[in-house]
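Okay, so here's the structure we're looking at.
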Amino acid sequence: MKLQSLIFRPITHFSSKTSKLHSLGTPPSSSLKDFSVSDEIHSILNSVNPVEPALEPLLPFLSPDIVTSVIRNQPNPQMGFRFFIWAMQRKRLHSYASEKLVLDMLLRKDNAFDMFWQTLEEVKECGVVIVPNVFKILISGYSKMGFEEKAVECFEKMKDFDCKPDLFSFNAILYVLVQGKTEDALKLFDEMSLRGIEPNRCIYTIIISALCGAERADDACRLLVKMKESGCSPDFVAYNALLHGFCELGRVDEAIALLQSFQKDGFALELRWFIKAGKVDDAMKLLNEMNERGLVPDTYCYNAVIKGFCGIGLLDQARSLKLEISKHDCFPNTCTYTILISGMCRNGLVGEAQQIFDEMEKLGCYPSVHTFNALIHGLSMAGQLDKAHLLFYKMEIGRNPSLFLRLSHGPSRVLDNSSLRTMLEQLSESGKILKAYRILMQLADGGNVPDIFTYNILIHGFCKESNINGAFKLFKEMQLKGISPDSVTYGTLINGFQRAGREEDAFRIFDQMEKNGCKPSLAVYKSLMTWSCRRRKVSLAFNLWLKHLSSLPGREDAVIKEIEKHFVEGEVEKAILHLLDLDFKLNNFILAPYTIWLIGFCQARKVQEALKIFFILDERKITVPPPSCVKLIVGLCQEGNLDQAVDLFLYTLEKGYKLMPRVCNYLLRYDLDAYLYGFTKSLLHRHRDTWEMKSLAPG
């Protein structure tokens with residue numbers, strides 16, 4: 001075995017990523033039986049119909065881990081759903097991992113909800129018992145997609161499958177109903193009692209939060225009393241929800257009185273809701289009152305108030321409060337410093353943030369991933385990318401400051417894991433094995449592994465500084481280290497490539513995003529559409545939106561294709577009307593795509609098409625925002641269509657928009673053009689051309 005491999009072994013001991021890789025490799029002999037059981041299940045799922053009777057003999061050999069593994073590795077999602085429905089009949093096979101896996105499949109795969117319902121119908125015909133847990137997953141899925149009505153519909157359909165709701169399915173649907181449907185949630189709460197289902201702490205807390213959100217703090221208070229009388233002890237979430245409710249209503253005195261009564265129940269003081277309600281002074285008074293009464297607030301309490309001061313820009317007060325913590329035999333912790341560093345960076349005081357970061361290390365308070373991320377983000381936003389990058393590598397190398405200084409300075413600088421490995425190899429080959437080993441042990445002793453948020457901060461910083469190659473290098477590096485890009489990573493990089501004029505690279509990243517199973521967010525689609533319109537490719541922008549719609553549940557392919565056909569044939573009005581009908585039918589209207597196309601048509605000098613979109617939106621009582629109106633006014637003036645330009649200007653006045661003076665001047669110049677002498681016209685045209693260049697430049 002090579003000497004280098006012996007030296008590098010200790011690092012793998014400290015690496016959680018490496019442990020995960022070991023778990024995915026060749027299984028130990030004790031788990032071979034699990035693999036043979038999984039193979040047998042896959043064989044049944046792929047060849048037997050119905051599958052349930054054939055699966056029964058394997059029950060004694062099943063475990064929650066095997067269930068999760070089978071669902072994950074089943075190539076046919078529908079059979080994966082069917083196996084999950086069958087396995088959920090046995091409580092011992094329930095696991096968070098399998099439920100999350102099925103929920104992810106519902107959210108990410110095309111037509112997954114329809115497929116799940118079809119599977120439920122097939123299972124019902126075979127006489128298989130369907131347990132409430134199955135519907136809980138569906139309800140949660142619809143809720144996460146924003147389809148609250150579908151979630152409620154799903155709950156009501158349980159009776160069609162002879163499935164009685166249990167505590168957990170009630171819990172899931174209550175989460176949906178508290179979003180603006182408090183009365184329905186209360187009715188459901190009463191229904192639970194009628195069915196003999198005793199609410200648990202979680203359900204009580206959901207209803208208390210809902211009542212507080214509906215400004216019914218007194219009702220919430222009464223329910224808390226009932227909760228305690230039923231023998232169900234409230235937790236800090238319920239208490240905090242109630243405090244928050246009273247603070248939001250401006251009833252701070254009552255909130256403080258409640259707080260004192262809660263402390264008798266053993267409730268630990270938290271000041272988050274005072275801070276969120278903008279009552280920093282009240283929170284401070286409460287801290288002082290506690291000190292006067294001999295009740296010592298802990299560091300967590302101080303942190304809440306420090307965060308409040310930072311949030312409203314009172315940074316000197318925040319720093320002085322940090323010093324006060326030490327007077328009460330408490331000590332500022334990592335969270336204290338992270339809050340201060342974030343506050344300083346947010347207010348542009350990056351130098352002060354760095355001083356605080358250095359101070360915490362000297363005092364033996366080690367930065368967390370969040371601390372590093374806060375300072376890296378501040379440095380990136382301040383354009384100090386070199387310092388941000390150096391801090392990033394310090395994060396990787398470890399928490400030993402002296403070691404970092406030795407490695408990051410001198411003739412053979414070490415600024416990343418690759419150069420560190422090279423240095424250690426050189427030391428071992430030159431016979432300095434003990435020195436290499438000591439460095440290795442110091443590094444393994446601590447440090448924070450950069451997470452996806454760290455990479456996203458740096459990638460955004462590089463893109464902001466127009467260093468797209470640096471951003472792309474980081475993007476590739478993070479994947480080599482086993483960190484998967486998320487929607488924010490892809491979106492930042494796509495926008496960066498677009499800004500750099502590298503449209504093909506942007507779409508290449510977009511395709512890669514989909515292939516890697518990362519669903520593009522609405523922001524990604526909007527970015528691609530906006531840049532496509534700036535390049536006068538309105539058709540591409542329209543097709544991108546149709547692609548996005550096709551990925552959402554409830555959108556029929558035939559309807560999407562009909563809309564696409566109208567647009568291709570130049571029937572913009574019909575395409576837009578059909579889209580609006582679809583949006584309102586599914587209660588999912590978003591204005592952004594319509595304004596992007598409207599502006600896009602103006603940029604492509606197809607003002608009449610843009611005007612059609614404007615009229616349709618106006619007829620549907622949808623307010624068109626100022627930027628779209630400005631583009632239309634300019635476009636109409638350029639076409640010489642002054643009457644409609646003036647009408648549109650009057651529309652902006654009716655809506656109370658305040659347009660920039662240069663827009664009004666632009667309109668006036670065109671309107672007066674017919675009455676001016678040639679020399680005067682030439683002067684106006686020269687200034688107008690300059691303005692046009694500015695107005696058409698990408699913003």
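Including glycine, each Cβ sits where the backbone N, Cα and C put it.
These come from TrEMBL:
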| type | residues | note |
| --- | --- | --- |
| REPEAT | 131-165 | repeat 'PPR' |
| DOMAIN | 148-262 | domain 'PROP1-like PPR' |
| REPEAT | 166-199 | repeat 'PPR' |
| REPEAT | 200-234 | repeat 'PPR' |
| REPEAT | 235-269 | repeat 'PPR' |
| REPEAT | 298-332 | repeat 'PPR' |
| REPEAT | 333-367 | repeat 'PPR' |
| REPEAT | 368-402 | repeat 'PPR' |
| REPEAT | 451-485 | repeat 'PPR' |
| REPEAT | 486-520 | repeat 'PPR' |
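Proximity of distant same-chain residues to the repeat 'PPR' (333-367), defined by a Cβ-Cβ separation under 8 Å and at least 6 residues beyond the stretch ends, is recorded for 299-300, 302-303, 306-307, 309-311, 313, 315, 318-319, 322, 325, 374-375, 377-379, 381-382, 384, 387, 399, 401, 446, 448.
In the predicted model, residues of the repeat 'PPR' (166-199) average a pLDDT of 66. Each residue in the repeat 'PPR' (333-367) gets a DSSP state, and the totals come to 26 helix, 0 strand, 9 coil. The repeat 'PPR' (451-485): residue composition by secondary structure is 26 helix, 0 strand, 9 coil, according to DSSP. Assigned with DSSP, the residues of the repeat 'PPR' (486-520) fall into helix, strand and coil as follows: 26 helix, 0 strand, 9 coil.
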